[in-house]
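Over in TrEMBL, the protein carries these features:
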- 102-134: repeat 'WD' (REPEAT)
- 184-216: repeat 'WD' (REPEAT)
- 300-587: domain 'IFT80 second beta-propeller' (DOMAIN)
- 616-656: domain 'IFT80/172/WDR35 TPR' (DOMAIN)
C-alpha cells in the first residue's frame, strides 16, 4: 500500500496554505495566508476561487459542517467554520460569504471544530481557553482555562468529551462536570496536533519532539513512531480508523493503526500544516507551506482469498490473478474505485457511482447496481449475500444485485468499524453506536421473497460489558446461528442469536482477536502468546469444551497482533510490526468438521482412527452426540475415557428398541 501523490505544477495560493477540508468525495476547500478560499475538483482537475477574504483575515483552521444526515438542506451541509489569528471564528457559507464572525479568544483562535453530531462547536486559543459554542455561535461554556496556549483540541466521537493539548500533556475533559479528568504526559516537546478516531476510539498525537504516538482514552501508549528530523505538524486518522497519516517538513508518512509504516514520501512542499481524508478513506488533501495543495490516492491495496489475489494498481484499475492457473487480467472501471472485497467466490468493487459483483469463475461479466451515495465505507461478504455500508445507510444485496434488506440501527453508519458489524449467510449483527453493550441482530431473507426493511425481524442482545468486536459464524443450521463477541475486558463469549432466551457462554479470557472459519464452525482466537481453536463452541458441557479446544504457543507477535483469516486449519496473523505469518493449528479438526457437515460419519471415523489424536476423538464424540449418531459417539467417548457417557449411550441404545417393539 502506498500513496500516489499529485499536485498542480504552479501553486494556486500565493502564500502559505494553512488548512484544507473535503466537501464531498471529489471537492476540496483550501484556505491560506493569501486570504483566498479555493475549491478544487479532482475529477476535472480544476481549481476555482470561491472568495477573497479581507486583508486582516489569516486562517488557522477550517472545518466543514459534518454531514450528519441526508435530510438536512444542502446549505446546512456546506457551512464552513474557519478560525483566524485575530481571535475570531467565522461561519462561512459555500459561496464564501461570511454569515457570522464571533470574537472568541484573546490572541489567536488556533482551532475550531464542529461537534460530530453537529449540535455545537469548540474553539481553542492562545489564551489557553477552550470554549463550547452553539451552532449559531452563542457561548455555552468555557470548558478549560489555562495559562499556556492550547494548540489543538478535538471532540470525542460521541460529542461528550474534549481532548486538548497543554504543552506536552494531553487532557481529556468530559462535558459533564461529574466525570474525572484524564491527563497524561504524552511527549517531551510541545504537542502541535491531535486526532481522535470514531471507529477504534484511539488518539494519535504529533509534537515538536518529532514523534507520533497512539494512545487509548485512558492515557496508555499503544505505539510510538521512529523519531523524525522535524516537528510533526499534522496528523489525521482515516475514517475507518485502520490507518493514519502524519505530516512534517517535506514529509508524509502513512501508518497502520498499530503504528508501523506503510510508506514514506518526501514531497518538496515545506511543512505540511493540515491533512484531511476524504469520507471514503481512499484519498487525502494536504496544505503545504509553499502554496501548494497536494492530493494523494491510496494504491497497491492487496486482497487475497484462497488462490486468488487482487491488487488496485490505479484510481480506476484493478489487477486480479489466479495463482494456481496463472490466469490474470486487468479490470477497468468508469469511475474511481473506493472499496474492494474478495471472498466467497466473488470480487465486489464499489466505485463512486456503482457496485460491481464479479464471479471469480467469470470475472469479465459483472453484475452491477447503482449506489445510493458515493461514500461507501465498508463491504462485507458472506456465502449468500453482501453488505454495503455507506453514509446513506446499511444495505444487504444478493450476489445477483437484488436488494434484500435495508436494516436501520440508528447512529451514523459511516462511523461503523469492521469490528462493530458482522454479516452471516442469513443474519446481520451491528453494535449500537450509542450504547455499546447493545447488539442489533437482523434476520435476512434467505428465499426469493424480498421483505422490506420494516419487515425485518430484529433481536436485541444486551451484554453486561461494553462490546468491542462481534463475529457471526458462516456455516451451520439457520436456527443455531452463533455469534462470538469480545468485550473491553478481552473476554470471549459465544451466543446463539436465534434462541428465544439467548445465553452468553464464556469461552476464554485475554483474547485479542477472533475469527470464524468460512467453511466450518471452527472458532479461532488469538492471545498475546498463543493461538486457541475452539472446535465445538456449541458444546453444552464445560468439560467437553475443554476437551475440544486446541492451543498452540506462539512468540514474538508484538503489540496488538490480529487474525486476518483462517482456512483449512491455517491461520494468517498480522504481527505487531505489520508482517504476516501463517500458522497451522487445527487442520485435522477442520477436516473432521467438514466431514460432519456433509454427514460423512464413516470418513470422520476413519480420519480419527488414522490420526489417533485425543482432541480429534473428543471433537467427533461431541459432534456425534449433537447429531444423534449414538454408535459413533459411543466409540469416540470410549477412546477419550468418558466412560460415564459411554454407559449412558448404551442405556439409551438398549432402551430404544424396547420402546419401538412395545409401540
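The backbone N, Cα and C atoms fix where each Cβ goes, glycine too.
Remote same-chain residues near the repeat 'WD' (184-216) are listed as 116, 151-157, 163, 165, 167-170, 222-225, 227-237, 239-242, 244, 246, 248, 253, 255, 257-259, 415-417, 419-420 (criterion: CB distance under 8 Å, separation of at least six residues from the stretch ends). Note on the repeat 'WD' (184-216): mean pLDDT across this stretch is 93. Residues 60-61, 63-66, 68, 81-91, 140-155, 157-159, 162, 164, 173, 175, 198, 412, 415 of the same chain sit 6 or more residues outside the repeat 'WD' (102-134) yet have a Cβ under 8 Å from a Cβ within it. Residue counts of the repeat 'WD' (184-216) by helix, strand and coil are 0 helix, 17 strand, 16 coil (DSSP-based).
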